[in-house]
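Annotated in Swiss-Prot:
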type: BINDING; residues: Gly64, Arg69, Leu111, Gln112, Gln127; note: S-adenosyl-L-methionine binding site
Amino acid sequence: MDPEKFYSDAIDYWNGVQPTVDGMLGGLGTGRIPQTDVVGSRTFLNRLNYRIGKIENLVAADCGAGIGRVTENVLLKIASHVDLVEPVENFISTAKKQLATKPCSFINVGLQNWTPEKNRYGLIWNQWCLSHLTDEDLIAYLSRCCEAIQEKGVICVKENVSSFEDTFDPIDSSVTRCEQSLKSLFKKANLVVVAETLQHGFPEELFPVKMYALVPHSS
């Protein structure tokens, strides 16, 4: 796989997607899926309150933030400030307009090129974006996240998971990884899984979606 083409093809694809909830969710944004997704994420974060609930003035990062759907409906419910990290200019511009009155900052960069500030975050949320990183860049990115979270901080991953083997999609230039691959990459980034769960309520024809809470091995 040519990394440069892998990344440029993904940006080309997303540049052609409308900056709407329906666009962010691949045409599934008008039914029950958006709310089901939000409820699942909030419920998962409630399980982590024993860690992140102890952090005053929690700052969160919404990685692969799109138009800010997760920031608005999930992260701002628990965070005093959210940094939205998103490589697609049209999406980040839309997010700025929709969240203009909210305590948010906007970072227009791909995760493979983002170096988060050390010890800034109580929560780094990654949803439907890590499939757009190569294995090497994913390990490096998660390693940087390790240094960016505070003592009680958590890195969360919410991604599609394939059943048997990693699956490349040439349409949006993404790799849906199997659980074994994901956990191997987490381990290589010196992260351990402290909580995980399956997202319920999504159509059976879609890939299963899993949530993982990760902390540095020494935590």
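Each residue, glycine too, has its Cβ placed from N, Cα and C.
Residue annotation for S-adenosyl-L-methionine gives Gly64, Arg69, Leu111, Gln112, Gln127. The furthest Cα pair among them is separated by 22 Å. Non-local neighbourhood of Leu111 (S-adenosyl-L-methionine binding site): Cys63, Gly64, Val85, Pro87, Asn126, Cys129, Leu130, His132, Leu133, Asp137, Tyr141, each in the same chain, at least six residues away, with C-beta under 8 Å from its C-beta.
Of all Cβ atoms in the protein chains displayed, 24 besides its own lie within 10 Å of the Cβ of Gly64 (S-adenosyl-L-methionine binding site). In sequence order, Ser41, Cys63, Gly64, Val70, Val157, Lys158, Glu159 make up the list of same-chain residues 6 or more apart from Gln127 (S-adenosyl-L-methionine binding site) whose Cβ falls under 8 Å from its Cβ. Note on Arg69 (S-adenosyl-L-methionine binding site): other Cβ atoms within 10 Å of its Cβ, all shown chains, come to 21. Within 10 Å of the C-beta atom of Gln112 (S-adenosyl-L-methionine binding site) sit 17 other C-beta atoms, taking all shown protein chains into account.
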